[in-house]
Amino acid sequence: MSSRSPRPPPRRCRRRLPRPSCCCCCCRRSHLNEDTGRFVLLAALIGLYLVAGATIFSALESPGEAEARARWGATLRNFSAAHGVAEPELRAFLRHYEAALAAGVRADALRPRWDFPGAFYFVGTVVSTIGFGMTTPATVGGKAFLIAYGLFGCAGTILFFNLFLERIISLLAFIMRTCRERQLRRSGLLPATFRRGSALSEADSLAGWKPSVYHVLLILGLFAVLLSCCASAMYTSVEGWDYVDSLYFCFVTFSTIGFGDLVSSQHAAYRNQGLYRLGNFLFILLGVCCIYSLFNVISILIKQVLNWMLRKLSCRCCARCCPAPGAPLARRNAITPGSRLRRRLAALGADPGAHDSDAEGRRLSGELISMRDLTASNKVSLALLQKQLSETANGYPRSVCVNTRQNGFSGGVGALGIMNNRLAETSATSR
């Protein structure tokens with residue numbers, strides 16, 4: 001009986017498994033260029049929106065413009081023939097009248113444009129970016145002063161609008177939270193001795209409750225409609241406009257579009273003139289603030305639609321280039337590499353070590369990791385931690401959560417930064 005030396009175990013092949021480089025590139029590119037993709041998609045949608053709007057307005061208004069030009073030409077010819085005035089001389093007279101209109105001169109008796117009330121109305125339209133255009137500076141000094149005045153005035157007014165938006169969102173959140181607490185107390189889910197700020201409130205589910213953007217949109221929309229209807233009723237009775245024209249003026253003014261075809265408080269005298277001008281000022285102020293807040297809440301919905309479209313596009317891309325279900329996954333972190341794959345293979349009854357390979361950059365379970373590899377793999381987390389420590393040291397700590405990136409509302413500038421983490425759809429826990 002010959003003794004045989006034990007056969008060495010078969011050497012495991014260290015062949016590198018094929019990796020779906022296309023999927024990795026697509027996923028990495030989608031994370032890096034998510035904001036750029038959202039910007040490009042929004043620009044394309046705005047372009048299509050402009051084309052659609054131009055088509056509709058051209059179809060609606062072009063026939064009326066052609067008829068008005070034909071009537072005006074016939075009126076000029078009839079006037080020239082009836083009064084014996086040559087048509088070129090008549091057109092020269094009309095050009096002088098247009099220059100008088102630009103200077104603020106009207107055929108009807110209007111109030112002075114550049115007295116103190118008129119100048120105050122003018123600077124109000126400048127800093128609010130309404131810009132009706134019925135009053136414009138004609139001197140070189142006035143135009144030069146307007147550039148500097150509008151630069152700081154518009155910036156300060158935008159800051160005022162943002163602060164108003166912050167206050168109105170906080171107020172609506174407080175009111176809706178109070179209503180929800182009363183509803184839960186009536187249903188018996190909260191005790192009658194419940195007080196905000198107590199230990200129970202901190203542990204309660206309402207501690208992290210935030211209002212939904214749809215509820216805020218509904219409240220702001222109803223308030224804007226009510227405000228516009230009340231203002232239109234005032235303009236119809238005082239200015240003598242049609243009610244539809246008054247509604248049109250309210251939207252054009254409150255949204256700071258300011259065409260200037262209809263302008264309020266321009267006659268020389270009104271009945272109850274002081275009361276009317278005060279009401280006009282308050283309606284315009286509240287209307288501009290309300291519509292500005294409403295526009296920013298609507299922008300949240302538009303951003304949600306853009307995020308949904310980007311997710312659909314990324315899912316279609318990943319469906320074509322993602323690996324098969326049995327393919328090995330990339331390592332999840334630097335400390336326990338491949339742990340997700342090992343758990344998955346163990347659940348399927350396969351050998352977890354069959355996919356281990358040094359060529360794939362995986363570490364043994366007992367091998368220590370260097371500080372260099374640790375900091376290289378967790379540089380994003382360390383940067384966020386450093387930012388949190390810095391903000392805490394400076395006295396204005398703000399909770400920075402990595403999950404805010406998942407819903408596409410992380411960060412933000414201006415109004416978007418104000419509404420970040422204030423609504424349920426812009427919070428870190430929303431999906």
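Keep in mind that glycine also has a Cβ here, set from the backbone N, Cα and C atoms.
In TrEMBL, the transmembrane segment annotation falls on 119-140 of the listed ranges 97-118, 119-140.
It is 246-263, from the ranges 246-263, 300-317, that TrEMBL records as transmembrane segment. Counting residues per DSSP class in helix, strand and coil order gives 41 helix, 0 strand, 17 coil for the domain 'Potassium channel' (111-168). Tertiary neighbourhood of the transmembrane segment (39-60): same-chain residues 302, 306, 309-310, selected by CB-CB distance under 8 Å and a gap of 6+ residues from either end. Here the domain 'Potassium channel' (224-302) has, by DSSP, the following mix of helix, strand and coil residues: 58 helix, 1 strand, 20 coil. Residues of the same chain lying 6 or more positions beyond the ends of the transmembrane segment (246-263) and with a Cβ under 8 Å from any Cβ of it are 125, 128-134, 224, 227-229, 231-233, 235-236, 239, 283-284, 287-288, 290-292, 295. Here the transmembrane segment (119-140) has Cβ contacts under 8 Å with residues 102-104, 113, 146, 149-150, 153-154, 156-157, 253, 256-260, 263, 265-266, 281, 284, 288 of the same chain, all six or more residues outside its ends. Note on the transmembrane segment (213-234): residues 168-169, 172, 176, 243, 246-247, 249-251, 254, 276, 279-280, 283, 286-287, 290-291, 293-294, 297-298, 300-301, 423-426 of its chain, located 6 or more positions outside it, place their CB under 8 angstroms from a CB of the stretch. Summed and averaged per residue, pLDDT over the domain 'Potassium channel' (111-168) gives 90.
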